[in-house]
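Scroll down for the structure; my scribbles are underneath it.
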Amino acid sequence: MNNDTSKKLGTLVSDDGPVNVYVWDMDETLILLRSLLNGTYAESFNGSKDVKRGVEIGRMWEKHILKICDDFFFYEQVEECNEPFLDSLRQYDDGKDLSRYEFKQDDFSTPTDDLNKRKLAYRHRAVAERYEKGLCPFIDSESMSGLDELYNVTDEYTDRWLSSARAFLEQCSCVEESSDGTSAIEQSSQDIHILVTSGALIPSLVKCLLFRLDTFLRHENVYSSIDVGKLQCFKWIKERFNHPKFRFCAIGDGWEECAAAQALQWPFVKIDLQPDSSHRFPGLTPKTVSYYFAAVYGNSDADSSKE
């Protein structure tokens, strides 16, 4: 662990107790998309949900995700160049000012050499900067209203799955409202949220923006396991937060994150789509997850204070 990493960890660790690191899956965990598209979400309700309506909602999300990926996040150029996280090529980035850089005219191609790796690193830096600014600089008010409406329609159709998942993240984070109505995480927050998705990196970042998760998931905490596997991503996360006070818990619906968590002896919370399950949204709470932490790491004052 280098000095910079040690300093960053020092700002996250206090004398108040352990720091919980929540390692999330995305689809069918923090959001619903795949199960809308293939109908499995609606089918789990045994006829009380309109399957076709769910598919329509999922297709609308797909359309918006791909458009924003292509229009603002270079996805047409980098689709075949997926990396596990945005900083993976930082060593090739020379820090060039990108404010007037012509991304469409730099002859970027598959990064098999240092020059194209640098060009890809430029794109990753630009993506990170755009992600941190949110959608407002790129989307007009009419389009934003349409996205808000789609979010609300989806939340209603899914019985508040989206807003309940977001509320979970908010309860585990110190969130401050700014004068312009936006939210920001206080640096003193004792919990960390990390996303490890089996989807491609750029679309996953765009999903975070569209599903209002970017307040809680910074770009450096979003990983794509599609090429390297979830176990490797989990190992990187464990290495990043290499301090006795950090406690890890994986939350997802798939076998791969379960196996990866077991390999590292982390607690794992299995998300279940079934309507009568408590391990879904709404239903899952920080209090419930605190029992999983306690089972592996023992009780703490922080656990007993969860509501």
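If you go along the chain as it appears here, the first residue is 1 and each next one adds 1.
Even glycines carry a Cβ here, placed using N, Cα and C.
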Candidate sharing the Mg(2+) site with ASP25, ASP27 (per Swiss-Prot), from ASP214, ASP227, ASP253: ASP253
From 1-15, 76-90, 151-165, 181-195, the residue range that Swiss-Prot assigns the feature region 'Necessary for optimum phosphatase activity': 1-15
Among ASP25, ASP27, ASP253, which are binding-site residues, the residue with the most C-beta atoms within 10 angstroms of its C-beta: ASP25
